[in-house]
Amino acid sequence: MRKATLLAGLVAGFSTFAFNAAQAVEIEYWQYVFETRVKAMDQLIAEFQKANPDITVKQVTFPYADYQTRVIAANMAGNGPDVLQLFYGWLDKFAAGGLLQPLPTDAFPHDKIESEFFPIVSAMKRGDDYYGLPTAVRSLALFYNKKLFTEAGLDPNNPPKTLDEYVAAAEKIAKHDASGNLTVAGSTLDMGGQDHQWWREVLIRQFGGTPYTDNDTKVAYDSEAGIKALKFYTSLQLEKKIGAAGFMDEGQAAFRGGKAGMTIDGTFRLGAFGSIKDFEWGVTELPANNEGVRSNYASYFANGISAKTTGEELEASKKFLAYLTSPEAMAIWLKTVGELPARRAAALTEANLKDPIYGPFLKGLEYAHTTLFLDEAAQRQNAIDMANRVLLEGQSVEDSIKQAAEAEQEIIDAAKP
Amino acid sequence: MATIEQQGAAAGRPGGSFGDRLSMRTKRLLWVWGFLALPILFYTVIRFYPTAQAFWLSFTNWDLLRPAKFIGIANYAKLFKDPQFWKVFKNTFTYLIVGTPISLVVAFTIAFYLDRVRFMHGFIRALYFLPYLTTAAAMAWVWRWFYQPPPIGVINDVFGMIGIPQQPFIRSVDQALYSIMVTAIWAGLGFQIIIFMAGLRAIPTTFYEAARIDGLGEWAILRKITLPLLKPTTVFLVVFSSIGFLRIFDQVYNMTTNDPGGPLGSTKPLVLMIYQTAFNSYAMGYAAAQTVVLFTILLIVSLLQLWILREKK
């Protein structure tokens, strides 16, 4: 009798075990550590699991500096994630290395993607396939310190709209001590921050050129427009003295410290600036040129599905990715992380557009460009060096542009998959 | 020894078999090699194997993602044609050739005089040693802020007060390398002082007494007795400090994170270039070629120093 009970218990135990195993699919999601992003993802996973009780999502995070290496190393070892976050600029490397699979068109039809998302998602397309979709996107805007505006006799509710107004406002705000040292910057100059994007995708276009051609594989800024754009940028320090590279170490530090009237930065800085208590700040669109031409640089982290994911996990991953790119997920992401929804309908709501902070960033998205970097770190470094040669070594703008264009073309050619 | 004898006794118990047939000498050898095998195995797996692997990788185009393909000496050819490499090469040797002598002279001078100080000797010594205990990253960041231009840089503030023109320090292509070198020297000073003082203490005082009785001046004592007898210490520190400067990374990286090794690569040492090639551009083969070059330089410099400073018999 006792034996029979035991046996029955065992059978029951095994069968529930087997039943559970058949039902629960566990997939792994990878992203880098950034407090609000991890928190938002926890919330998204909880919501997703509520709607799909048969799927469990495990979030795994790594420090940003290690993230790419971890993904690549895990892929070699064969135990990588099912769904992973990646910067759009890494796609060439990841796709060439066979890390990602094309998004299945049954769950993610192209016409839907192209009509519902902002056009910048095309940076995730290679050949006929999309390799990932973002939850949120980021763009640039001009942050300004209302207190310094008022002190300089400027209207804090009427920030500069054109490049000329921007320079004029910065000249009024900038302060120097008796020996000519900058004590308050009109605007920050920090090529290592977002200025290289501003120069590349905004200023060059506003001076009538294009930074690259052939899907960003041919450098095209060794031109009249490129020279004018760099002259404008370097003259801000050398002639107009409204700022200085390295002032207070970093542009964002100078702005945070209340020592800079304006700075160009992205949505991702909203969190850090949100804790500023000493002064009020505002956000406005990047200044237009005199003809009214505007441009912006947008970027994003997309989510893709690993090439190694198949079967049940693939079905679960498709569902999870579909949820991550749904309007509902985007609303949660905006609230928690402060990044803009990647779908037009979710982003361009009346409430968002009227929002004094999100509004300018969203308007920027409409005319934003996304550079298809092949080696982001090296291309950024090249822009930093280009400006430094003019600012520190007194090289002529023309020579510096020429040297930068040649060097960048080499970087691009070497990195081409 | 006790262990070995005990083991012999244990093996000699009834039922002990294999051990009985070996001589004491063989058993001892087996034990010695048994213990030695562990670190050797450990080193083989985590040091020698990766080193050999790096040599092999330097002849491939491995990028982490695709299988490595043998490309002969293409990486080395590229390296020797790369103007960036020669700049970095020059920087690395500037750190070495300027940094090592300065740090040793300063450390010796301080140790020489500190050795004679009795008042709060331990406290002063601790103060000198403290930077050595501090994390390089934390220290580099503090110095980075010291070096800032006005209005926040402390050093420039002091310059302003006493009427010296403001200096750009780490924002200048000419001053940045030396600004960073100063922090590296300062960081390593404590260790060198302690070693020098230990060396000084090891010189028998009778030598000094005899010299004084013979009427030798302080300078002569330093030249004829202290420095020659301090030679083993000096050799050790020269090699140690040279390797340190050839491998400099933390200070440079942390003081220039916005533009690593900048401005314009003027502070970039070889190790930072290797790091960037490997983990920013993922050109593992090319990075491996650079590490092989660094390895060769380290080997040559160390052997050269040992040979120059060798004991002449």
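Quick reminder: no glycine exception, Cβ is built from N, Cα and C everywhere.
If you look up TrEMBL, you'll see B:29-49 (among others) marked as transmembrane segment.
For B:89-305, the entry in TrEMBL reads domain 'ABC transmembrane type-1'.
The transmembrane segment annotation in TrEMBL covers B:93-114 (among others).
Residues 110, 114, 152-155, 170, 179, 183, 186-191, 193-194, 250-251, 253-255 of the same chain, all 6+ positions outside the transmembrane segment (B:126-146), place their C-beta atoms under 8 angstroms from a C-beta of that stretch. Residues or ranges marked as transmembrane segment by TrEMBL: B:126-146 (among others).
Under the heading transmembrane segment, TrEMBL lists B:176-200 (among others). Within its own chain, the transmembrane segment (B:176-200) has Cβ neighbours under 8 Å at 91, 94-95, 98-99, 102-104, 106-108, 110-112, 114-115, 125, 128-134, 136, 139-140, 143, 147, 169-170, 226, 230, 232-234, 236-237, 241, 244-245, 248, 251-252, 255-256, 262-263, 266-267, counting only residues six or more beyond its boundaries.
Under the heading transmembrane segment, TrEMBL lists B:229-249 (among others). Among residues of the same chain six or more beyond the transmembrane segment (B:229-249), those with a C-beta under 8 A of the stretch's C-beta atoms are 92, 95-96, 99-100, 103-104, 107, 184, 188, 192, 195-196, 198-200, 203, 207, 269-272, 275, 294, 297-298, 301-302, 305-306, 309, 311.
The transmembrane segment feature in TrEMBL is assigned to B:287-309 (among others).
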